[in-house]
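Here's the structure we're looking at; comments come further down.
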């Protein structure tokens, strides 16, 4: 088992449904601790920078528009195998394919408005956490 950190973003669709607390409860029940958090409205520049890896993909502009359409809740999570544990909680990217009881199955509307983002690797998690949080803002507990 490895203690890891991962980045999680509760997207505008889930924030609008007022389920932040419910999602946080799922993180904690799964052994993931919130070690940094911020509630904010992403700027276009922040969203484009964060999703730059997808810039050439056909869905890039729609993704950016969605991510700036309302506030998001951004958190760094820490725990044993946090990247995989968080992705298991999220479920499949397309909520139609997500297992019952996962965050996306319960709260997502579509593959585009899919409730949450989760880092896909330990390496990407480190970069993504650093994108939104200064080292002094991430505090283990």
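Quick reminder: no glycine exception, Cβ is built from N, Cα and C everywhere.
If you draw a 10 Å sphere around the CB of residue 87 (ATP binding site), it holds 20 other CB atoms from the protein chains shown. The ATP binding site annotation in Swiss-Prot covers 11, 59, 87, 93, 104, 114.
Residues annotated as active site, pros-phosphohistidine intermediate in Swiss-Prot, with sequence analysis given as evidence: 117. DSSP gives residue 117 (active site, pros-phosphohistidine intermediate) a strand state.
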